[in-house]
Every structure is written in structure tokens, then in C-alpha cells.
Protein chains: 2
Amino acid sequence: MNQLKAVGIVVEYNPFHNGHLYQINEAKKMTNADVVIAVMSTSFLQRGEPAIVSKWVRTQMALLNGIDLVVELPYIYSTQKAETFAHGAIAILAELGVDFLNFGSESGNIQAFNHLVSFMSSQKSEFDHLVKRYMKLGYSYPKSTSEAFNQLNLQEETLPLTEPNNILGFHYVKAIDDQKAPIQATTTLRRQAHYHDPTITTNPIASATSIRKTLSDNDSIQIRHVVPKETYQLLTTYKKTYSILHTWDDYFNLLQYKILSTPVEQLRVLYECEEGLEYRVKEKIQTAASFSEWMQLLKTKRYTWTRLQRLATHLLTNTSKVEMEEATATKPSYIRLLGMTKNGQTFINKTKQHRQIPLITKLAKANGIQAKIEERITNVYLSPLKKEQQLAEMKQEYSRPPIMVT
Amino acid sequence: MNQLKAVGIVVEYNPFHNGHLYQINEAKKMTNADVVIAVMSTSFLQRGEPAIVSKWVRTQMALLNGIDLVVELPYIYSTQKAETFAHGAIAILAELGVDFLNFGSESGNIQAFNHLVSFMSSQKSEFDHLVKRYMKLGYSYPKSTSEAFNQLNLQEETLPLTEPNNILGFHYVKAIDDQKAPIQATTTLRRQAHYHDPTITTNPIASATSIRKTLSDNDSIQIRHVVPKETYQLLTTYKKTYSILHTWDDYFNLLQYKILSTPVEQLRVLYECEEGLEYRVKEKIQTAASFSEWMQLLKTKRYTWTRLQRLATHLLTNTSKVEMEEATATKPSYIRLLGMTKNGQTFINKTKQHRQIPLITKLAKANGIQAKIEERITNVYLSPLKKEQQLAEMKQEYSRPPIMVT
């Protein structure tokens, strides 16, 4: 008998900030859960970017601020469009046996999500048909989705799906429904207006984007009032130890080499390299002096910035369509534990007999396509570090036990 | 009617030094030729290394010191074992219509080469059989060749094939014989003792190896008495302009990324990646902090240092077995002119009607697999440059006309 109630959340913590802390507290209040479990993206994120610090450092941030258990959201899900991303995250949380899900949203009204999901399942074929039609007209996938919702007279009245966290939330609730997972979804109204806010204000809550922007300007002192002190310390230490906070600029030389040294017919087999994009990425890389210059040259109406950044990620990590298809065709083959508190450990022990997928504590114990991809992308992620540090981190990745915070 | 007599030589000029100047003068004296034509390796060399400066700069060195015409020895030949290297170089010189070949050797006696080649063609099957037998015992290819010669009682009496320039010379003469090319081979006794001499002495002739070693120690002033003044100036300017003289250290990060991001089954299709080497390169790259450390870890009795460096080159340039097989199956599809003197230009004009392969002056006019590979490896070669310079050089490569020295 398992008396501990758990709430799961899906996170990137890039980096962990006061808004995340607020969500954890709200989620606990709302669900009365004893344990908070985070499934956290590993090295590359949904917007197609490297995480600014390693998953280990982000795990520490989480455990020091109210999370009891951190498990990996592996690359095969973490770098996908909302639907696949949500599908993977929910499968992992369901396997871990959470009772609740909580997600931040611009809406804040869980009824709106539930309503939309049930309506959608009755309108699925009509909806899919509309999305396809809009994509044929040259619209991007998110834009086509949004137009399809409009067409079905859904969007305005129920849930504004132009907001990124509403879209993710919708797909979480839909994934729970699709997977028939015994998880009750809850949502927290996001206290900040927009995900993409460019600047930090005096407000103690700021977007992760504005925090990263401030950090990239080498102005880390400016973020002190919008992050927990542990985040500030861990970021400062990471930067001091490794000389970088990972951004696309640190990978551009490798990406450029990859594209220049790979014939188009080999680029074409890589994931998300569709519709002749192999020619376009190759042509544009020859005149781009930086990652952002390349992205500017690449951009068209058809592809969102995020979609192209994800393509760049898969090119960099040499991830093929065949691999991704194979890796996402079945349930995750293992769940990797990154860290836990005493409380999290108790939950893990009590729920042992309910789990069907191995919960592993070391990469050395993993196998299969998911592990093979994750190992490769970890090595790529570590490539901009100084050689001695890179080799040490690569080695540690195999043997490192989960982080314990007591 | 062509009254100009030409002597061809096969060169790397990495960099051009007094020994090369001596050879040019000796070759002219020996053959009484009016024109000296050099077929010069492009970006990567026979020992599996990047050239320290671009082919353009090495072309200038050559034209300012007695060479009348410089054409490319493309990657598909320049990074091969002696036999294939010589086959490609001789095919190009024959097409250009040279009357003589001259090569430096430790022997200095052309009769010894001619004798060995004719003896060899009568003993070919026995020789091949012996080489295979020694390789099965785990010996390297050069060692097996040398043992086979010994076994046939050839080596000591005729031509010491343990000397690198004798081996190359043997393959030049053999290629002329195989291709039935109307070229008379001549050889110049090398005035320096050994190719691999590690240090520069007061002698005005030093090995290219010792010159590169001195340059890598940032001690360029020490090479002034062993190179023509133009070499010294061009090297100094290149270093000042581009901040580097290209060595493997400048490519190690890319090579490591390439190996780490490529599954073994994809490494296996690359040229010279044989007999399970894909596992070995992947394992060893995870603990090597530098190129030389990696090479030390990789080395076994079976593989020479040179063989492994060539493998590293093909891994870096993503050159596959299938591509190399296709590219070397036929005669070169074009010959690219890198530079000429007035004298060289006259020769080119007078021999126009005898050529069967297009002599091109711009890469934009090239096509086929040879051009595709050459374009890719040029881009890889330029990768360590600062971005703006790299992009400018990449662009120039398509449109740059041959260098004219008058």
C-alpha cells in the first residue's frame, strides 16, 4: 500500500528561477501531494538549444528548492514538438506512479484544457484534415494547428492556443487521455506575462529567456533577485569551473563542420531534415559567421525558429530519422534517476513493485537505442568544454550515482 | 609541334625549402628541360596531415623558386599509400605531356629503379603472394613489402626499400611502366640523410619535418638559412594573417566530435577504417586529450603511424570507401591549374591539343566525384580559421584564378 501522494511536473530548469519555485509551492497546495517529481530535459531542450548548464547542476537546483525526485526526460522526447514531448513526459510520470500532474499555463483553468481535449477527440479527423490543409498552404505546424482550432470555433472561447504553455498543457492533458493514465491534471496560472519576455524588471519573477539573456551579457549579478540563491551560486560556480554557460555559439563551429563535411544525401537522413532543407542548410552555412546569422538566413514563413533550431540540434547530434522512429515507437526502455531527497527515496522504495520499466541509477546499466542516443548527445553536449574537463565529465557520466540531497 | 621539353616532379612543399630548390636545379641540368611542372598535394598530405599553409601559398613558394606550372594532386591521390599516390601523380603528369620525371631518392641511381621494376613485373604474383602472407602474420603493409623484397633476394643488392623516397620512386617508375606513359624517369640523390631528421643544423639543407618542428616551437627565425627568402616571408605573413600554421592540433576538436557523434556502423564505411578499427578509434578518443595522445593510444604493431594518420584524415573529412573507390576507378576527370609563370603558360598553350582531360582554372568549372570530394576537404581544411576568414577563403576557392608569376 502506497500512502504517499505524488505530483509530477515537466521541467527544463534552464535555469531554475523564482517562477519555478512558485509553481512547486502552488502545485503542493493544490494537490496536497507529499512528493514532487520532476521529469527534466537532459542536455538539449524543446526549443532546440543546449541547456546552459549540465543536467546534474540543474538537478541540484531542483532538489535544493522543493523537488524530491528528478528523472531524465531523454533527448528522444526533450527535443520534440509539443505532442511528442508531452507523450514522453507523461509516459515517464505515469510509470513512476504520480497521482497528479501540474503544469504552468497562461490560462490557469484546468476545465478549459479538459474540455478542449474531449472535444478534440470527437473532432480528431476533421482537425487533422484542417491541419494538413493549412500546412499545404505553406504555414508552419503551430500556425496550422492554431488555424485549425479557429476553424473549429474553439480557440477564442475556450483556450488561447497561441500561448506556448497552453499548447504544452493541452498536450499533457491529451497524453494522459490517450495513454489512459490514472493521473489528475492540475494547472497553475503563470505569474509572468510571457515566456519570451526579453528583460528582467524589479519583479521577483522573470522569464528563463530574460535570465539567459542577462547571463549571456555577462551580467549575472542582475539575476540575483529573480532566482533562488542556490541557482545563483551553482551558475556562478559552473561558469568559473568550465568557463562557459552553454549556448549555440559554443557549438556553431562543430555544427558548421558537420554540415560542410556531410554530403546532402547524408544530411537528408537526419531527423527533421525534410522537404529539401538539406540543400538550404548547406547553402546558408557557407556564408554565416555565427549561429544567429545562419538562422536568419535559413528562416522562411514555413518554418518556425524553434523548428529550425531543433533541426540544427539533430544535425549537430547526428540523430537520424530511423533512430528517432525506432526510439519513440515503444515506451521508454528505462528511466534514469538523476537525484532525490530522502522523501523522494522513500517514494521510490514504496512504489518499486508497481514499476514495469527499470529505474536505473547509472548510465552503465542502460541499453538499447534510447541509451545509445543519450550517450552520444551527452558527449556532443560536453564537446565545448576544455579537453581535460570534457574527458572527465564523459567518464563520470557512466558511473555517477544520483545526487542525494538530505 | 611542341619544342618545349618539360620535366615533372611530384611535390608537397610543406614548406618549400633549399632541398627542393636544389632538386629543381638538378632536374633541369639532368634533363635539359625548358619547363618544370609540379603536381602538388592540395590540403592533406601523404603522411595523413594537413598542409601547414594553403595550396595557394605553397604554389607561390614554388613559382618564385623555379617551378613554371603547379597543378593539383587532388585529395583522392594525395592521401594514399605510395602505390596509389604515384599512380595518380604520374597519370596527371603524363596527361600534361611531360617528357621527363625527376624525383629525389636516397639511392640516386635510376638504373636500380628501372631494374627493380622490370624484375618485379616478372615476379609479380610471387611478390603479391609473399606480401599477403606477411600481412596475415600481423605485419604492416610497408614492412610486409620490405620482407617480400628480402625474400626475393632483391632488396640489399639493388635498392634499399626501407627508405621512404626510394619507395615512392619505385612506385613512380612502376606507374610509368604500368601506364605505358612516354616519360623518362630520372632521379636526384637527396643531399640530406633522412626524411625524418628532427633538428635543423647549420647545413643549408634541412628536412621539411625538422622545419615544421621548428615552426611549431614558434621559432621561425631558426629556419631562415634552410628556406628561400620567399618561403620565410610567405610563412610569416600567413601566420600573422590567419594566426595559425595548420597542424593536427587545430583539427583535434573536430575529429573528436566527429568520432563521438558517429555510430560505429557509420565509421565503418569510411575509407581505411578496416578490421574493427571503428571500435578502437571510438574507444581511444574518449580518453585522449590531444591528437598525439590519441595516436599513441591507437598505435599497434599492425598499423604504421602514417597509416593511422591517414585514417584520421579520412574520418575528419568524412571520406567513404565507396567514394574513394569510385573516384580512383577511372583517370582524373579534370586537372586543376593552381599557378604558372609566363614560361608555364606558353607550355600550356602549345600542348593544348594533346590533352584529353580538361585543364581547369576555377573550381566552379569542375564536376564529378573528384570535385565533390575536393570541395568538401577544402572546406574542412579551412575550418580552424577565424569565421570571417574561413568564409572568405571558402568563397574564393570557387572563383580564384591561377596565380601568375611573371
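Each Cβ is built from the backbone N, Cα and C atoms, and glycine gets one as well.
Secondary structure at B:TYR22 (ATP binding site), taken from DSSP and collapsed to helix, strand or coil, is helix. Summarising the annotation, TrEMBL assigns ATP binding site to B:10-23, B:GLY104, B:ASN165, B:ARG190.
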Under 8 Å by Cβ from B:TYR13 (ATP binding site), same chain, sequence gap 6 or more: B:HIS20, B:ALA38, B:MET40, B:ARG58, B:MET61, B:ALA62
Lowest local Cβ density (other Cβ within 10 Å) among binding-site residues: B:PHE16, B:GLY19, B:ASN165: B:ASN165
Coarse DSSP state, helix versus strand versus coil, of B:PHE16 (ATP binding site): coil
Assigned element (helix, strand, coil) containing B:ASN165 (ATP binding site), judged by DSSP: helix
Sparsest Cβ surroundings (other CB atoms within 10 Å) among the binding-site residues B:VAL10, B:TYR22: B:TYR22
Where B:VAL10 (ATP binding site) falls in three-state DSSP terms: strand
